[in-house]
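Enquirer: Below are the structure tokens for one structure; questions will follow.
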């Protein structure tokens, strides 16, 4: 038996004996089970010695498992025993046999997956997510990306918002993807425009770098050989999926997918850095921050760092220790380099917490060593000292770390000290009467006498009952849900010390909600223990850890870990308190107020109260008196200078009055709020529930307190009739109706209040929008209503009432404008009014009702009704209905006659969306899960551009429906679209980057969407070629349009009231009209080309509609563009024909000079057009022919804060060197310099040089260490410069200088070969940017613009001073022949012969001789010797 029992030894045997035979059972595995198993194995002809190793157990399990299906219960027991034994050998922690079986099953599945993966790797080298597989003919073909993968990617981006986790998720989801797959993934998240723009820029830069490093080989590509991919091919914009597959599967392969993915990851890293701008160097542990929280922050930031894994490993090894607080740093160093965060985390327990200021481990160890040395050196008899305070040996009361006990240390009575004590009795400081006498909760003062202050805290143990001595059993769930008044309560005016029973032993212990663990002084507990060191009040102490110890506290039993050691006081920690439901309570817990402030630099409203009728004053006085009694408002005195006007209106269908406050002025001055809820919940998103209740919160806003510091700004006044008495002034104590902050603060407060109820009742669904609550569950109706009453009681505890009047218990439920039934929903009944005459206001209301109805009534249209009220019309203006609008309204009335209902959402079924074309640019859609049971319907009639087609509009409808579905149901439906695959593919080929739509299928629902015509990609051989052109004179509006053909035909027509763009289109229409069914057309108008290449089938332009009609008649049309004035035969000929008498003569002798200057400076087209008097098209063509200027398009210039004194500074890197760039925000003027190091000293020197050249008021920088240094701050202080720091990812923040960094690098790249050193190239690039590039505001160069801005600023300031001086004077004047002097009037301007003045609202010019100018002395009366006409008129007014 000894040999068989030796299967497990040491710690493994201890773990074996802790595992239960059954879940929830009492029996555990013992030694005898091992002996029995070995005998049974011999009976089954198996080797028992295999039980001694993990591998042996695995072999036994493989042998026994096939026989389980037909085996006996004994065989199953043997198998279970071997499974548990295998877990013990493996070191897998399990509590019982069932957990062991689960662990085995997991291990087996994992093994199968690894085998399958190894097999797949051995047979195929292509991706498993996006496989490129061989078809039946042996060709490699691509399987497209699945909607599930796309949905997962969209969900990641929406939930993680470009946090560091996005990058590994993208890498996983895009494993083996082609560039086309990657572009599809990017298009699905195209709504994040700013992030996608950054990504696009990185991809463009990488593509340009690829082209530079992989130049195209001269000559044609040999037959049978694939061309080499360019940067744009890798990005998927100029390559087909067949080419991408070919490159990826060629020999040797070119992994274009992996290359493109690497570029995207570079861009994602940049985006992540913007979203997570904190540097790893800034992550430092706070003095009171726990080590775990610090490590979490450290690794989260580390994931966002753009560095190699080696660098990140170095950061972990050095920075993690370096930036820890002193306590944790010393512990980390003491633990040594071999320590692991998981294994040594207990060493940091209590370190850095707010209630435990621990000493460092090294110090504790050294103290222990010193004490041992001292003991060895101690000689003579040992004197035992005993503490009077805690009664323990080893220290005296003066050095006692336990809290001081009240009263005499000898007898325990108060009123005297121990030295004056006459009693012989020893005090019992741990007597049971301290907190609970004979097991009962001590009595407390009544609610009336108890203070309402936040210091009146109580510990409450959930569940009634007596203390352990009473021996009461646990009660049922229903008995536990008693009112809080029956819970044992322990006041925190004194220390909460109670008697607890630990494994049958009584102990006094302190209930400590701030302690993690339960720590007791010396107590004998049976069983095994393990050593541990913890941080306590007096430093580190060594303790013994006992697991699964039973503790009884106040009739509640808990089983947990107990630490035993030399603690100054017994502590029951959170590991036990949470099990018994002990909570820290505040008897009266007011809703926490949200701090509110005014906008910076603004003061409260000071609007006078307007007069009110006696009836309204009486009503307001009555309302305010009642509100004052309820505490909603309180009176204020004259010290409050603010006021907001109030008035009263009668309620609908009632004689009662309603108080209204005009908070418009306060709303302008109050800070902005973020709406917590961005939309209203929709019934189509509700899951069908067996039991439903709808509640309404009464006086919602008046239940939430307003920030005390903000209340003074809500003051208002009730006046008295005829000013009989001073007005009564009040201010709000709660959220006022009509104030802009009330909705957001109420929603936030309501969410916090409902959160605990939601956690305690996960089976209850609560939809909350403002004061409307929808409560649904699958409980029986009686139990559901009990839960609703609990919710109402919970809300009432926080001061929110739910009136019975609006408590809906039976269907149909009226909620949010909808009508809810148990199995369906609809909108509340809609009645369309019948009117003889309709005003603009009536039609607006009518359209609103129809728009509301269209979410469930399919087919509703409002386009013709909307046309009736286009333009700026008065609300009361009568509108005449058109025939189309009358017909549309009649159709809508018919639709609304039959009631329509919507279904509820079933998560187990698929979402389907079907779209129909209604004609006239209107579309309808239905979203359903079962046919004819719509969840929701809707319409779409928006034209995003003047010229569009049905395919483009269809994609817009799909995107609207997809977005709506994600909002309501959290996923994208499968679409059924009225368009054939061939039609879609024909349009998608050219416009795949324009938009994204998910998986869809064709449904034959007339009218089908089709492309009415298609333009050819190459010239049509044999077809006549028309060179077309049009021209117009801007002044006379006269023009010509015409064509010439390659066969000698020509035609010119004259036009009136036209423009250049119209004339160009007219010429194309003329060519289409006079040509055969196949035609080639050549134009020099980019405008016309852009419209027609979009293949529109409808347009707001009459001429474009005519062109569309002509295009539909043609079989083949090829349309091409050539630049004007370039000597192209037919183009030049027609240009001369249409220009005669129309266009002004153009002198183009400056082209050569412009080309020469561009080769030197690479200036932009605007600068050349301005400097050399060239047409824009010619200047653009010069830029287009320059290979160095075709890397990227020009940046789109926006506008930020354009104050003249604001500069943005940033450091950028090029060729391994640092360039410090400063940009004048208003003008775009740039100063840049190569600096030797990115230090505060160099930055401060640069700022002082900049301030010496230009007036710098504000500099805006990022949070780099050089900009935040004290040297830079000192330089800014000396130069009087205000320094601001950027907000990450804010376009108003660092956008200008970031854009200029790219522009500077672009210019440097164009002229780099002209300079030997980078610092020279930088200064040359700055010169080119400032003086050789024109555009933007005013068409100036940046250098001209900054001078113009500064000069204008000086002139404006001077003019304001002059105006200010002039306004100090008043004018008396005589008008025509009237001898009476008039005045005083305001002086506006003083000239040599006349003055301009303003008398009341009239402005007059008066001759100088008829005017007398005097200084304005205010209301001071002039004396007898002060005559206005004697004032000196020649005072300096400049």
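Placed from the backbone N, Cα and C atoms, the Cβ positions cover glycine too.
What you are looking at is a predicted structure, and each value in this text was computed from that prediction instead of being measured.
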Enquirer: Out of 672, 696, 707, 842, which one does Swiss-Prot list together with 771, 772 for Mg(2+) 1?
Expert: 696
Enquirer: Name the residue range among 26-32, 33-39 that Swiss-Prot annotates as motif 'Nuclear localization signal'.
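Expert: In Swiss-Prot, the motif 'Nuclear localization signal' feature sits at 26-32.
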Enquirer: Choose the correct range: of 9-15, 16-22, 44-50, which one does Swiss-Prot annotate as motif 'Nuclear export signal'? Give that range.
Expert: 16-22
Enquirer: What other residues of the same chain, not counting 696, 771, 772, have a CB atom within 8 A of the CB centroid of the Mg(2+) 1 site?
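Expert: In sequence order, the nearby non-listed residues are 695, 697, 700, 769, 770, 773, 806.
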Enquirer: Which numbers of helix, strand and coil residues does DSSP report for the motif 'Nuclear localization signal' (26-32)?
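Expert: Counts, helix then strand then coil: 2 helix, 1 strand, 4 coil.
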Enquirer: DSSP-wise, what's the residue breakdown of the motif 'Nuclear export signal' (16-22) into helix, strand and coil?
Expert: 1 helix, 1 strand, 5 coil
Enquirer: Could you pull out which residues elsewhere in the chain have a CB under 8 Å from any CB of the motif 'Nuclear localization signal' (26-32), counting only those six or more residues past its ends?
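Expert: Beyond its ends, the motif 'Nuclear localization signal' (26-32) has Cβ neighbours at 5, 13, 16-20, 81, 84.
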Enquirer: What does DSSP assign residue 696 (Mg(2+) 1 binding site), in three states?
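Expert: Reduced to three states, the DSSP call for residue 696 (Mg(2+) 1 binding site) is strand.
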Enquirer: Which residues in the same chain, at least 6 apart in sequence, have a Cβ under 8 Å from the Cβ of residue 696 (Mg(2+) 1 binding site)?
Expert: 771, 772, 773, 802, 803, 806, 807
